[in-house]
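Encoded as structure tokens, the structure appears first; notes follow it.
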Amino acid sequence: MNFSAYGELLRIAPIRRLLLVGMIARFPHSAAGVLLTLHVVMTMDMGYAKAGAVAAVVTIGIAVGAPWRGRRVDNIGLRKALIPSVISEAVIWSIAPHASYEWLLVLALIGGVFTLPVFSVVRQSLGVMATGEQRRTAFALDSIATELVFMGGPALGAVLATQLSSVVGLTMVGVATSLAGLLLMWFNPPTRSENPRDAATAVQERDAANAAVVAAAPAHLSEASAELQPLAALSRGQRLRSGFSWFTTSVAVVFAVAVGAGLLLSGTDVGMVAQVESSGRPQEVGIVFAAWCAASVVGGLIYGAMHRRISPMLLLLAMAVMTLPMALATDTISLALLSIPAGLLCAPVLSSASERVADLVSEERRGEAMGWYGSALTSGTALGAPLAGAAIDGIGPWAGFAFAGVAASLLVLVTLTARRLGPWKASAAVK
């Protein structure tokens, strides 16, 4: 392990500033999830299934909008691409808290479509600023920074909802997110290499990643080397014919990991809120989130310092199994302690999957690919939140953890089985 890699990376001023701006920009959204759940359950007096449905609608909107936003960033630049999000965040989340449940669903969908794309912008920019082994460490640092934000955001959201008002809290989140968008526009991090030599180097690295995949599973690997060439160098007709040539079986398996991770994380998220709220002390939910995310920070530090790559599929399966014991929690403290093993694997799962996308997709299409990666992640979230909520309403708070852990484990096993029995075995995304 080489922990000095973190120090070397943080000494690069543009990367250090990007990580800081990313943390600030993510903070409002980190409070929104708990706020929205408590708004539906406590302020609107509805169940966790309906709260999960609202969360699902938001994530469906994000899944629909992410590829479009990624393409807009690629085509017109970051500043112009962020304008719709900056406007809609402030307007929609100032209206939504006052709406009926039906209208809340509609507004949540629109809000999801125009969500500020902090995740994809930061990851795409890191892919430009960092290369080779540095990119892996940069992605790990970004996951760690995100976890640090989520150690405080949910606690703030719970305090706002219980001590002030979920209506006021959601309005504050919308305005703060809009301001965060303005901050990103001002900082304007690069999303494409300005130096042609940098782009050429990135292509060589993608080719090297593909060669490693071929060496791992050469018998059935059907990825053509042309798919890794910069699409900007192709003619217009070639662009049209190769529009989704980057979507290989390797990328598809990574997207399956993203779906499973989203499902697992959203189910765990709802389960945490339900478990703590059922004890009559919803303001303590921040304690659980802090322990969960602190563990993820530690896990991310260890993963980022490792030279050996670990399968994102294996990491997801381990995290799913480690989530199951959380169903045995009896109070806030025991839940916080039981969340630590699963939390240790959270950042490594996301870092490993993001790294694979960056390895397999050329720079000119990376924005779109990261958008689809984000869509896969949020699609899993859309499945996990309402289904875990229904399990909680029908059985009890512990059922949310049981559902999330079992469902994610089954997804991994089904995907691995499909790889062995069919064309999926050509994918070496888990190698």
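Glycine residues also receive a Cβ, built from the backbone N, Cα and C atoms like all the rest.
TrEMBL annotations: computationally assigned, not manually curated.
Features of the protein shown, as given by TrEMBL:
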{"type": "DOMAIN", "residues": "238-431", "note": "domain 'Major facilitator superfamily (MFS) profile'"}
{"type": "TRANSMEM", "residues": "18-42", "note": "transmembrane segment"}
{"type": "TRANSMEM", "residues": "48-68", "note": "transmembrane segment"}
{"type": "TRANSMEM", "residues": "80-97", "note": "transmembrane segment"}
{"type": "TRANSMEM", "residues": "103-126", "note": "transmembrane segment"}
{"type": "TRANSMEM", "residues": "138-161", "note": "transmembrane segment"}
{"type": "TRANSMEM", "residues": "167-187", "note": "transmembrane segment"}
{"type": "TRANSMEM", "residues": "244-265", "note": "transmembrane segment"}
{"type": "TRANSMEM", "residues": "285-303", "note": "transmembrane segment"}
{"type": "TRANSMEM", "residues": "310-327", "note": "transmembrane segment"}
{"type": "TRANSMEM", "residues": "398-418", "note": "transmembrane segment"}
Between the transmembrane segment (80-97) and the stretches 18-42, 103-126, 285-303, 398-418, the largest tally of CB pairs under 8 Å belongs to 103-126
Residues from the same chain, set at least six apart from the ends of the transmembrane segment (103-126), whose C-beta lies under 8 A from its own
15, 18-19, 22, 25-26, 29, 36, 40, 53-54, 57-66, 69-70, 73, 78, 81-82, 84-86, 88-89, 92-93, 95-96, 135, 138-139, 142, 177-178, 180-181, 184, 189-191, 354, 358, 366-367, 370-371, 373-374
Interface-richest range of 18-42, 48-68, 167-187 toward the transmembrane segment (138-161), CB pairs under 8 Å
18-42
Express the predicted model's confidence over the domain 'Major facilitator superfamily (MFS) profile' (238-431) as a mean pLDDT, rounded to an integer.
82
